[in-house]
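Student: Features from TrEMBL:
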TRANSMEM  12-32  transmembrane segment
TRANSMEM  52-72  transmembrane segment
TRANSMEM  93-115  transmembrane segment
TRANSMEM  121-144  transmembrane segment
Amino acid sequence: MKTKTMTNLLRLVLIAAAALCGVFFFLCLPSYGQEIVQADPEFAWAYWPCLVWAWLFALPIFGAMIPGWRIFGSISAPGGAFTRKNSRDMQRISVLAFADALVFPAGMLTIGIMGAGSAPLTIVITPMVVFCCAAVGVVCYVLSRLIGDAAALREENDMTI
């Protein structure tokens with residue numbers, strides 16, 4: 001597969017992921033929240049706090065798509081994928097993933113203290129989400145280090161005649 005094809009394919013996947021996340025966070029969740037409000041009006045007060053929490057969780061996800069777009073674009077660029085800039089971008093994605101690993105349980109705790117928590121959601125979903133966010137953070141951090149090392153080797157090699 002040619003590098004231009006890889007770039008286009010990865011960017012297409014990223015666009016699809018952004019579209020799916022947009023539909024989930026800005027259409028499905030508000031609609032589901034409205035259904036809960038109609039079924040249990042006593043939880044109407046929790047609609048906006050829960051929605052804001054979901055959107056705060058979505059911010060790092062959408063934020064990580066920007067450096068991801070740049071990294072994918074660099075695959076077919078003359079400088080290649082192994083650059084210090086890509087290393088920094090991958091580290092930014094790592095930080096955003098770790099941020100989400102904190103945002104989700106903080107929001108769950110806040111919603112629980114406010115009286116709208118759900119024990120199954122708290123006990124089952126929260127650890128899974130935190131683990132997934134932390135795992136993505138660790139993988140991206142390790143990849144950022146490897147990309148940085150490869151960039152340093154490449155720069156050293158470019159200076160050698």
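Positions of Cβ are set from backbone N, Cα and C atoms, glycine also.
No curator has checked TrEMBL annotations; they are predicted automatically.
Computed from a predicted structure; not experimentally measured.
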Student: Name the range, of those listed as 52-72, 93-115, 121-144, that has the largest tally of Cβ pairs under 8 Å with the transmembrane segment (12-32).
Tutor: 52-72
Student: Other than its close neighbours in sequence, what residues sit by the transmembrane segment (93-115), given a CB gap under 8 Å and a spacing of at least six beyond its ends?
Tutor: 46, 49-50, 53-54, 56-57, 60-61, 63-64, 67-68, 121-122, 126, 129-130, 133-134, 136-138, 140-141, 144
Student: State the residues, same chain only, that lie 6 or more residues beyond the ends of the transmembrane segment (121-144) and have a CB under 8 A from a CB inside it; answer 'none' if no residue qualifies.
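Tutor: Beyond its ends, the transmembrane segment (121-144) has Cβ neighbours at 87-91, 93-95, 97-98, 100-101, 104-105, 108, 112.
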